[in-house]
Amino acid sequence: MNRICLYYNQIIAAHLCFCALSLICVIHASAQNLETVIQKGHELAVLTVAVSPDSNYVATGSRDKTIKLWELSTGREVRSFLGHSASVNQLDFSSDGKYLISANGDATAKIWEVSTGKELFSVKPDEERITDVAFDPKGRFFVTVGFGQKVRVWDVISKKKITEMDANGYAGSGGLIHVAISPDGEWLAVGEDGFTANVYRCSDWKKVYTFNTSQLHSSCGGCYTDVQFTTDSKYLIKASNNDAVLKYDLSNGKLVTTYSRDVNDMKSVTVSASGKLMVLCTENFVSLYHVDQGDSIKTIRPDTEAVLNQASFTADSKRLLIASDNNTVMIYDIASGKQVDELTGFLNARDKGGLTYNPNSYWDASIAKYLRFKGNVVLSGDNKTLLRGKFGAKAKRWDIATGKAEMEYVGHEMAVLCYKYNSDGTLLLTGGADGMLILWDAKKGDTLRTIKSYNQPVFDVNFSHDETKIVSSSWDGSLKIHEVATGKRLIYFDLDNASAYLAQFTPNDLYVLTANLPAGLALREIDTRKVIREFVGHTETVSAMQLTKDGSKLLSASWDGSIRLWHVGTGLMESKYTGHQGAVYASIMTASEKNFFSAGADRIIRYWDMNSGKVVKTFNGHQSEVMSLALTTDEKMLISHSVDGVTKFWDLASGNEFFEHIHIGEKDWMAKSPEGYFNATEQARRYIHFVEGMKTYSADQFFEDFYRPDLLPKIFQNRGGDDGYKSIQGKLLKSPPPNVKVAILPSSDKGKAELYVRVQDNGAGVENFKLFHNGKSVLIEKNFVLPKGKGQVTTFKQEISLVGGNNVFSAAASNKDKIESDIHSVEIFSEIATKNSTCYLLAVGINQYKNPKLALNYAKPDAESFGKVINDLGVSLHKKLEIHTLYDGEATRSGILNKLEELSGKIQQEDVFIFYYAGHGSMVDDQFFFIPTESLRLYDLNSLQKEAIEGSVLQEKFKKIQALKQLIIMDACQSGGSVELMAARGATEEKAIAQLSRSAGIHVMASAGSEQFAAEFAELGHGIFTYLLIKGLTGEADGSPKDGKVTIYELKSYLDDQVPELTRKLKGKPQYPHTFSRGQDFPLVVEE
């Protein structure tokens, strides 16, 4: 494999030969769609990492069968290359960076177009694993090698084999056979088992050298060898497991340098693009050497117990990328030897609900494989909500029309894997990885009965048709029937370790149908526990089964790629449907039982005619395996769910995607229309971005125009129509965002630095330039003039004050259509002593309004109680604590603004500022207003503009306050109006509060501003939001590890969890606070 980054010295011949590939791709290049990409990361071990010649992109190959392309500067996933059916062993970029070749355990090598992810062609030399591949730097050929014991050379244009040579290696050696082509294209080296490297001349394919100086037995199994040429093509470096790392002169074949005399658990050897450094990767550490001198520079031991698989340099030779069994690529700074970043995604950060089975482990791989495809979505009988498990140890039900969670079912100790409603939807039955079955009141979320029946994960649960019994199955190889009323076990089936992946009653409740691992399908009589019918045909796991209404026919789908229709009475197969590429994980019949839908590993949903066996229609769009399908009662909408957390909604009349709902971990989600309009939690926006070709865009770049909290209600109102919306892609074509870059230089004054900003207009103007220091918006000197005109560039310098420790400066700007540039950041460390800070609190509480109809009961007591908690528990964190209050008649418009102006003159950047507001809020014409005591009307815009305080006015006041640590807390309620009007106001209010947080760079925690949420409960003595805020600050929000402190993020997490739970108990339906975070985390209180 060529791992030297040839970002310079591009060879004309390479372009001539690769032009043939370019012709294949011209159709794709002409118009590339904007894609939504979820930052998932790899699910399994990363085995290989390759850096593009310009070092802008990184490709990774994994045991999860995928290749991913990453943008190195941002760490974002660009796309996944899907098509392999086994582990991706090695990768190599073409010298122009346009193509990628992959070696795979499925015995194929594939060439891909990097800019689209399209597979261009594939070769399968034999039936054995391919272990390495390499592109000729001159673009004439590519090379494959594997356990077929042959090195094969292929013409890049005709795809025909040019020649082949023997290569010694076998699968049991524990290592791979490797190939490398010299940068000048003159030499081919093959690293084989038995400490051996063979070198061939590419002009005639004659073997020139065999290098093996080991004193050990030459056929030693596990003594595999990696090879790498130096950048000048004059030397070959050979690294063998359990042997030395050596450099040979290719002019005479002599050994010239010994780097290490004995390396155990060797994985790879790589030379930097500069030609000066070499990195040797072993299972536990990487060692750096000078290529010429041969001396060791340093050893880096990553902080992980996972096996390291490969290390590669960036093109500037300043960083190392280390692929690992921890499913990530760790990025290390060579100079410091410290990890500075990693290529990863939410799959490696999510709460797995106690599922600790390691899919990379031989012992856990089987159960991990089966559990991966548990977690279907279940549609409620009224077609209004969806239910899914695997939210940590919870199951959640969410409203399809809003995207927001309606109910959480909390009771399992580990992940919820399977679940069913009873016929009228009043009861919910769940089975968990903890071995428990739980019966719930589906509407209230209360636990009715817990049955601790198994010691292993529960695979399936189902009610009997008379709803008096429950059938369940487990990984422990048993099948059980319990009584619903008492939970008592009635029947026990011992399946002889053949666990039932699925189990359900027949319509008459006399038999149980089971899909047994690894590939069985059987009908069992309940009283005798005997198998009375076996359905023989499937060769792999049966993943879905559905009986017709009369119970006479059975439709089954399998990992063997087929769907089959059976006659239950005879056990004979009546029809077999094939066409899927890979496993089928889901199937569902229509009500007429004349058609069905199926989906699986190839990510395509197919609609079949059962009689003809033909596919009538296909639905494309999923980027991961589709594991679940649901159909609305009126059969107008199909719902599909894939293993990456994406749920898509399809309009069956048109065949078009309606919208998609994406779950990121336990709490976060995004809903998105095909045009790109979205509603999302703040954290979800960090894991979801957009890609056009090779360019990535964060979701927040389109926040102003495309973030729509009311998105789903409008979609349903317009039945999926565009409602006059423009797409993100259309906006990008007409209105490209500006470019912003920042750089920083230290000053002679240790407390200062010089910040340089470069802004370029790309044709759509530049507006609203923002500069942030540690996440907090800071003022910009007035002499900064933004560029005007396409291609115009403005550079600006500003002296910046630093705080002790890390200082991160970030900048962004928008164009005239409110599309933001990607935010660019720089970091500088300051050793100045951190000054003692003062905490300033401004608490505003308004019970009494000039209009008596607006009077509140708890706003002032809430503000007083919050101030008392900060005074009692926050004082020891700071040198000084200043509490300023404005209550009732004091809380006028001028009083609030004047107090903020006064504070801005004394608060320093190392201080903390907290603004607490309890009173009325109002949302009119997309503007949020704080309502001071003199306001008479909540929804009269003219009055509000004179008497109230618009959010952007406060935003500017907060910007003038220098404190880098700021928190705004709003317990503001709206009164009056219909439910529909209040919902509309709530959606626009949510966006306004999010904009306040983003623009000012501050933390904002707010109650949802509606009467139904901010209503005051006498039994609490406070509004719901402040009641929980105070409980959190007095210790309940102190997260793990408990240290007596409550920080911003701990309090945010506590409110996000507890507000919905308490509103559910008190009001029957959970509602959610608006919490948005920008800037540093910091402690608010500490228990002494």
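Glycine is no exception: its Cβ is also placed from the backbone N, Cα and C atoms.
TrEMBL: automatically predicted annotations, no manual curation.
Feature annotations, courtesy of TrEMBL:
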- 842-1060: domain 'Peptidase C14 caspase' (DOMAIN)
- 39-80: repeat 'WD' (REPEAT)
- 81-122: repeat 'WD' (REPEAT)
- 123-164: repeat 'WD' (REPEAT)
- 409-450: repeat 'WD' (REPEAT)
- 451-492: repeat 'WD' (REPEAT)
- 535-576: repeat 'WD' (REPEAT)
- 577-618: repeat 'WD' (REPEAT)
- 619-660: repeat 'WD' (REPEAT)
- 1-31: signal peptide (SIGNAL)
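Note on the repeat 'WD' (409-450): residues 352-355, 371, 374-376, 378, 380-382, 387, 389-397, 456-463, 467, 470, 472, 474, 482, 484, 487, 1064, 1068 of its chain, located 6 or more positions outside it, place their CB under 8 angstroms from a CB of the stretch.
Across the repeat 'WD' (451-492), the DSSP tally of helix, strand and coil residues reads 0 helix, 24 strand, 18 coil. Mean model confidence of the repeat 'WD' (619-660) amounts to 94 (pLDDT, 0 to 100 scale).
Helix first, then strand, then coil: DSSP counts for the repeat 'WD' (409-450) stand at 0 helix, 23 strand, 19 coil. For the repeat 'WD' (123-164), the number of residues in each DSSP class (helix H, G, I; strand E, B; coil) is 0 helix, 23 strand, 19 coil.
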